[in-house]
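*Asks:* Okay, handing you the structure first.
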Amino acid sequence: MTPEQAKQLVAEAAIEYLEWDWVIGVGTGSTANLFIDELAKMKANIDGTVASSEASAERLRAHGIKVYELDQVGDLPIYVDGADEATKHLHLIKGGGAALTREKIVAAASAKFVCIADDSKLVDTLGAFPLPIEVIPMAKSYIARQLVKLGGNPVLREGVTTDNGNIIIDVHDLNIANPVELERQINQLAGVVTNGLFAQRGADVLLLGGENGVTKMTL
Ligand SMILES: O=C(CO)[C@H](O)[C@H](O)COP(=O)(O)O
């Protein structure tokens with residue numbers, strides 16, 4: 001089975017979590033895109049969506065699916081999104097698509113976060129995937145120095161500006177023994193908008209696609 005086929009399996013499985021007339025929080029990336037395509041098949045049954053990126057909003061609108069601003073709808077019943085890495089504790093690294101801040105906001109505003117991924121994303125310890133951090137541009141060098149003090153190797157993601165007008169620093173070689181604490185520590189640095197650790201608020205359900213179909217993980 002290819003990773004694409006595994007992603008398709010979980011995109012379809014996530015549809016089972018939706019209920020009639022809901023406004024759905026929708027993530028960003030190739031797996032979220034497959035979920036959007038599945039959502040299009042049942043768009044008459046939902047009220048609309050809140051998107052975690054301009055790219056997802058565009059894809060949703062292209063399917064004729066209504067996209068609300070988060071402020072228009074308040075809290076959401078569900079958020080569906082992919083991840084770059086996930087653990088059995090349902091801690092995640094996200095932000096490979098540079099949408100981490102809006103993803104974290106929509107996840108925070110949602111009662112349930114259903115994370116969908118192919119099973120290659122499941123790891124014992126987070127950190128092989130460089131940790132994305134959204135940073136206010138003027139803080140770039142300051143933040144880079146602080147990240148080196150934390151044991152990381154920060155690399156500017158060249159040519160990328162987030163939907164919020166900021167830059168992304170990817171941090172390699174971090175020791176992420178305690179994801180909740182590291183998420184808190186990095187978010188306290190002046191100039192950090194947010195980092196791609198979803199640990200304090202991880203996923204509530206993790207659906208992994210692979211050779212044996214869909215595996216569901218919860219805490
Ligand atoms: O966090 C994200 C975007 O910011 C994505 O969810 C993450 O990068 C996974 O992407 P894909 O589904 O393409 O593997």
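Yeah, the Cβs are placed from backbone N, Cα and C, and that goes for glycine too.
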*Asks:* Per TrEMBL, what member of K66, K112, K121, K140 joins T28, G29, S30, T31, D81, G82, A83, D84, K94, G95, G96, G97 in binding substrate at one site?
*Replies:* K121
*Asks:* For the recorded substrate site, enumerate neighbouring residues of the same chain (Cβ within 8 Å of the Cβ centroid of T28, G29, S30, T31, D81, G82, A83, D84, K94, G95, G96, G97, K121, site residues themselves excluded), in sequence order.
*Replies:* G27, A32, A117
*Asks:* Determine the Cβ neighbour count for D81 (substrate binding site): the number of other Cβ atoms within 10 Å of its Cβ.
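*Replies:* Cβ-Cβ neighbours of D81 (substrate binding site) within 10 Å number 30.
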*Asks:* Count, for each of the binding-site residues T28, S30, the other C-beta atoms lying within 10 angstroms of its own C-beta, and report the residue with the smallest count.
*Replies:* S30
*Asks:* How many Å lie between the Cα of A83 (substrate binding site) and the Cα of E103 (active site, proton acceptor)?
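*Replies:* A83 (substrate binding site) and E103 (active site, proton acceptor) have their Cα atoms 10 Å apart.
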*Asks:* How many other Cβ atoms sit within 10 Å of the Cβ of E103 (active site, proton acceptor)?
*Replies:* 31
*Asks:* Identify, in sequence order, the residues in the chain of K94 (substrate binding site) that are 6 or more apart from it along the sequence and have a CB within less than 8 Å of its CB; answer 'none' if there are none.
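*Replies:* Those within reach of K94 (substrate binding site), by Cβ under 8 Å and sequence separation of 6 or more, are D81, G82, A83, D84, L100, E103, K104, P132, G196, F198.
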